[in-house]
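Engineer: Submitted below is the structure of interest, expressed as structure tokens.
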Amino acid sequence: MGFNEFMTKLFGNKSQRDLKEITPYVDKVKAVYPSIKALSNDELRAKTDEIKQRIQDYVAEEKAQVEELRKGIEDKELEEREAIWAEVDKIEKAITDKMEVVLEQSLPEVFAIMKDTARRFAENEEVVVTANQFDRDLAARFDFVRIEDDKAIYANHWKAGGNEITWDMIHYDVQLFGGVVLHKGKIAEMATGEGKTLVATLPVFLNALTRNGVHVVTVNDYLSKRDSEWMGPLYMFHGLSVDCIDKHQPNSEARRKAYEADITFGTNNEFGFDYLRDNMAISPKDLVQRKHNYSIVDEVDSVLIDDARTPLIISGPIPRGEEQLFEQFRPNVEVVVNAQKDLCSKLLIEAKKKMASDDQKVVEEGSILLYRSFKGYPRNKALIKFLSEQGVKAQMLKTEEYFMSENMRHMHEATDELYFVIDEKNNSIELTDKGIDLLTGKTDDPTFFVLPDITSQLSQLENMTGTEEEKQAQKDEILANYSVKSERVHTINQLLKAYTLFEKDDEYVVMDNKVMIVDEQTGRIMDGRRYSDGLHQAIEAKERVKVEAATQTFATITLQNYFRMYHKLSGMTGTAETEAGEFWDIYKLDVVVIPTNRPIARNDMNDRIYKTKREKYNAVIEEIVQLTEAGRPVLVGTTSVEISELLSRMLTMRKIQHNVLNAKLHQKEAEIVALAGQKSTVTIATNMAGRGTDIKLSKDVKDAGGLAIIGTERHESRRVDRQLRGRAGRQGDPGSSVFFVSLEDDLMRLFASEKIAGLMDKLGFKEGEVLEHNMLSKSVERAQKKVEENNFGIRKRLLEYDDVMNSQRNVIYTRRRHALMGERIGLDVLNTIYDTSTAIADQHAEDFEGFKLELFKTFAMESPFTEDEFKSMKPEQLVEKLFEEALKTYKRRMERMTQVAHPVIKQVYENQGAMYENIMIPITDGKRMYNVSCNLKEAYDTECKAIVKSFQKSIVLHMIDEGWKEHLREMDELRHSVQNASYENKDPLLIYKLESYNLFKTMVDNMNRKTAAILMRGQIPVREEPTEEQRQAMQARQAAVAQQAAQAIAEERARQRIAVQEAAPEKHEDMSRYRTEKTDLSGNNTQAEAPQPKQAPVRAEKRVGRNDPCPCGSGKKYKNCHGQGL
């Protein structure tokens, strides 16, 4: 017996240990259940209210402390507030921790209440209680509640997901186990059909009693809407509000209310995007989310693992005209792609001839041609078919070994003849010299699509003679040329990818003249989502639909980092154990396997393996015919829209009735799924994660053998296959599952087929025959493991890059939230001035003149100390003294702002306060005018201190948004550029971390300086009353200027009179008949009947500009001489 076996025998395996830990909780629930069951309906609801109050009372003291601290914070000096806010944060964390203690104490009673609520709805058509206001409000909105006299009557049937449902579920013991696991912040793995949705009601109900919000996350909007409608009445019965964000538009009042509900359902993407939108809001009332308290993720593996490969990005258009480039270079790329296809087809024909020879040398030559064809066009259907023939794949792999050996020293021999090389596994394309020559054939410049060696060019420039100005001009030209060519090469690469690696009706569909992405996991259209980095535009150009404008990232986050923000995170799925390590590494989530309520009776058969797709699909159709004749419903799972439509056509030709559920037909989802369990029904579905909960079987169907699952291809992920299998055999029902696989399937072609192909060859396997063995099924699973490991690597790398960004995002978003809410903005402004003082002192530590100039530019103030003092001070003393003086200056200027504004605000509020809610205050920094909106009453009550806060908010928000947007662009560019570090045997991630830190530091420094410069200069423009001497001098100047102007006008008029006399007389038309009456705003005629006096024409006289030389000849500017005061 090995050590592991001995330890397992001694302590039990992980599942046994987990269940042992949870069992006491379940025993307590079962112990308290009889007393809960004995309560009347009203007493049951009263018990819930009692527990709600108990939870609030448990933390009442701490909440009172926070309230008290918040009240007095505005009266404190800025310097004192930091300590108070730190204390508030500390107490709020303590409240969250104490909540967990009281929830654990309340768990047995609360779980028992929810279980008995489910029982009462299952056993009674109506549940009657004494009506309260919450019941009356519900009755006005929903059909399942009605009010009769003082009674609220809850029906046990309602609509969910488009179907009428009657409540018939009561929690089993295993579901109580699952509920405890979810409350503990772990992942519950429960077999498909074990009622995961019902399990969630237990921890959701318990945690919602805190009134801090519970988020239930689903993989698609159909499920989020359905589950909120399905489970909602149970929560509402106990006075809890329920809503679903997917029912409301983003940034709407309705969506904000959905987040304020005790329980909020929604899709993972919408939760993430709402977070990003909140961090782009410009007013607190635009925020929709509250604190991230507790989240339960349904199909947790799909959300936290599969979807985690793609970051969430909010982007906006940028005026760069890239779309023209994609359309401009499309013809060039089409020429190259068509040339490559023709070449690869010819190579394949030649390879077939040579490989049929008896001469081994000729066979080897043919094998090289075959490999060359494979590197140039791996998705060629004729090539895929040829590779499935006996011995062919093995021969090509042998050739590949030669080219891959010695660090790919000989690879150029295989690829030089091609126009470009495709690496399908890594999703990349590389142009060869031959391809570049063909691309540039119609241009005059042979390097039109070649990136110059910028490093050597700049190095040569440094060694050249010439002035600094000349060198700089040449450097700018080199950089500009590189930028243009870089954009050009990038466009070509993305177009090549679009033409060779992305297939219509597979990765995307074209609907309503738009390219729409299909989610590879769920088969649904991802409306509003676009491929990044210009790839979407390339596909639009390829499909000849409108190429949308280029976009720039405004906000981004990975799902991993979004969900890690929750205080407590848990999830449920039928298939998490295979990824338990990843869940722990990234999310610190433990996976607990919950036993099934009844043994699984489903027959999972071995994979049936064919050589070609054609044979496979014919076999699938034959299998469907046999199963439907036996009276069994059949669910056919496909991996793409294209395959589902192909099978649909084949079934139609055989006159077999069927339903199709895919990205193009998702509107009929509820109806199709509801029918999928009926006798002899055939349903084709692109992906079935989370859809099968509605497949119910009749007795006839169960007697016939239950639901039959047919997989038409093994998915990249074992979990997706397990989800498909799990649609049959739910709750002990009979059923079967089998996968049909061919060597031409993508998974087999890329990762598995060499061993299986070799085995088929050894067995003398003929076309049309099927191979079925447990060992082969295991081989397919090993191929899936390879893909999963590869995908895990992608996710982990994405997270490592986003972790760098995440720390920066937290700093920026925290500062932005402080500015938006206004509570802590004073502290942040204080820190901004301090950081700017530090940066100025550090930058000019040895240069007093530079220091003085920088102070004037940034703080608009003179140096507070002499050159001798500056040189004698230590750096920290210099910073402290400078900060002290800068802060004094800032406070003095803000005080001045309030003094200037107060009389105006007082007059407006006291005379017209009822008419206006907000007032716009013009504030200038001497360069531009900022119109700052402020609440009129608040400005009046605070003696205009609110105006200062509004000014701070608008400037800080503007600077953060501008700086962060530009920083994201630079980070995108950095991430692409650091990949080249791998050619120098350096870790790109390490370079990225170092460079991104420098970029962030520079961005924050610039942001601080710009913010400080505007805030320090901010003032309300006023016209100051001049002194008597100034008034007299001004009048004298104005008289002199007026005299000069009168003289100039008289001379001009004399010239014009002469010109008029010399010119021929012109004919004038009487325009009076076109005159219309003028009316005022009330519609009254304002035009007098008396003849109007003739108005003199307005002539444009030559006027002196403020910055022009003064006409008096003094040499000064007009504004500083005779124009002063004008």
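Note: Cβ is positioned from N, Cα and C throughout, glycine not excepted.
The structure displayed is predicted, hence computed values, not measured ones.
Here Swiss-Prot flags Gln175, Gly193, Glu194, Gly195, Lys196, Thr197, Asp694 as ATP binding site, drawing on sequence analysis. Annotation source Swiss-Prot lists Zn(2+) binding site at Cys1110, Cys1112, Cys1121, His1122. Marked as compositional bias 'Basic and acidic residues' by Swiss-Prot: 1064-1080. Summarising the annotation, Swiss-Prot assigns region 'Disordered' to 1060-1126.
What's the neighbourhood like for these features in this structure?
Structural biologist: A simple way to gauge crowding: the CB of Thr197 (ATP binding site) has 18 other CB atoms within 10 angstroms, across all the protein chains here.
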Engineer: Across all chains shown, how many C-beta atoms besides its own are within 10 angstroms of the C-beta of Glu194 (ATP binding site)?
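Structural biologist: So the Cβ neighbour count for Glu194 (ATP binding site) comes to 25.
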Engineer: If you run the three-state DSSP split on Gln175 (ATP binding site), which class comes out?
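Structural biologist: DSSP call for Gln175 (ATP binding site): helix.
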Engineer: Enter the number of other CB atoms within 10 angstroms of the CB of Lys196 (ATP binding site).
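Structural biologist: The answer is 26 other Cβ atoms.
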Engineer: Check each residue in the chain of Gly195 (ATP binding site) that is at least six apart in sequence and keep those whose C-beta is under 8 Å from its C-beta; list them in sequence order.
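Structural biologist: Listed in sequence order, they are Met169, Tyr172, Gln175.
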Engineer: Near Gln175 (ATP binding site), how many other Cβ atoms are within 10 Å of its Cβ?
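Structural biologist: Taking every protein chain into account, the count is 26.
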